[in-house]
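Annotated features in Swiss-Prot:
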DOMAIN    104-287  domain 'ATP-grasp'
BINDING   Lys141, Glu178, Tyr179, Asp187, Arg211, Ser212, Asn213  ATP binding site
BINDING   Asp248, Glu260  Mg(2+) 1 binding site
BINDING   Asp248, Glu260  Mn(2+) 1 binding site
BINDING   Glu260, Asn262  Mn(2+) 2 binding site
BINDING   Glu260, Asn262  Mg(2+) 2 binding site
Amino acid sequence: MKIAILSRDGTLYSCKRLREAAIQRGHLVEVLDPLSCYMNINPAASSIHYKGRKLPHFDAVIPRIGSAITFYGTAALRQFEMLGSYPLNESVAIARARDKLRSMQLLARQGIDLPVTGIAHSPDDTSDLIDMVGGAPLVVKLVEGTQGIGVVLAETRQAAESVIDAFRGLNAHILVQEYIKEAKGRDIRCLVVGDEVVAAIERRAKEGDFRSNLHRGGAASIACITEREREIALKAARTMALDVAGVDILRAERGPLVMEVNASPGLEGIEKTTGVDIAGKMIRWIERHATPEFCLKTGG
């Protein structure tokens, strides 16, 4: 097959691993910067051009689209879909997952347990918003934040009010969430490929922090997940219509709670921790689904 990887930086670990895994299985691979793609939208002859040339047909496209370029990145992916390329995660699913509020609403509607969460835009009554999630301690987030950026733990009511007031000054959407103290700065990242949790790690926050993101200096170890956690991870990925997802779970006293569903999970931390060839599993999933029947169905 001919496979395109949409990534702004082909030297990143995840992109390199996916390229290597595809080549090892005999596929032709090209890494494309989605921001350098430009499109002819025409009912008779739609096309995608890249750095002065018209791109050929790709059997499959692997999107590695960062949150900062979600709008144009998903537009480029959508054009590949229109031309009959199989997407490892559809553009609409990626856009949906990047919207934290919509994601939580969809997960809650499917009965998937979450931390108690409130969301507001410049709330007039900060006190009521805090009461909505059970009071302090609580976590205050910017809805648009990623990798632990724009996330603050407010240990007292006064601190929570101060943080919310500061975020209000940014004219931003504010997400307020109960703090799961018993998680002790740890969470479980389940990597879902298709209908299987292929790997799971426990991530631990660095000393003095409560955010377990590896990008923030957290540590990781192999996690043994329960059957309930496995079921929740798969259900969360299905709810978001993602074939590949990183599902983050907190272990609370009342049971596992889904924190987030990531549509473009990094592979470095989880592959190096578990030794699982996740990139290879992603390529094999593509091989099973990027079929001629798919191209006929989509018009490619």
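Every residue gets a Cβ built from N, Cα and C, even glycine.
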Could you round the CA separation between Asn262 (Mn(2+) 2 binding site) and Glu178 (ATP binding site) to a whole angstrom and send it over? 20
Note down the number of other Cβ atoms within 10 Å of the Cβ of Glu178 (ATP binding site), including every protein chain shown. 20
A 10 Å Cβ contact count, applied to the binding-site residues Asp187, Glu260: which residue has the minimum? Glu260
If you count the other CB atoms within 10 A of the CB of Asp248 (Mg(2+) 1 binding site), including all protein chains displayed, you should get 21
Looking only at C-alpha atoms, tell me how far Glu260 (Mg(2+) 1 binding site) is from Glu178 (ATP binding site), rounded to the nearest Å. 14
Within the domain 'ATP-grasp' (104-287) only, compute the mean pLDDT. 88
Least buried of the binding-site residues Lys141, Tyr179, Asn262, going by other Cβ atoms within 10 Å? Tyr179
For Asp187 (ATP binding site) and Asp248 (Mg(2+) 1 binding site), the CA-to-CA distance in whole Å is 7
Here the Cα-Cα span from Lys141 (ATP binding site) to Asp248 (Mg(2+) 1 binding site), rounded to a whole number of angstrom, reaches 16
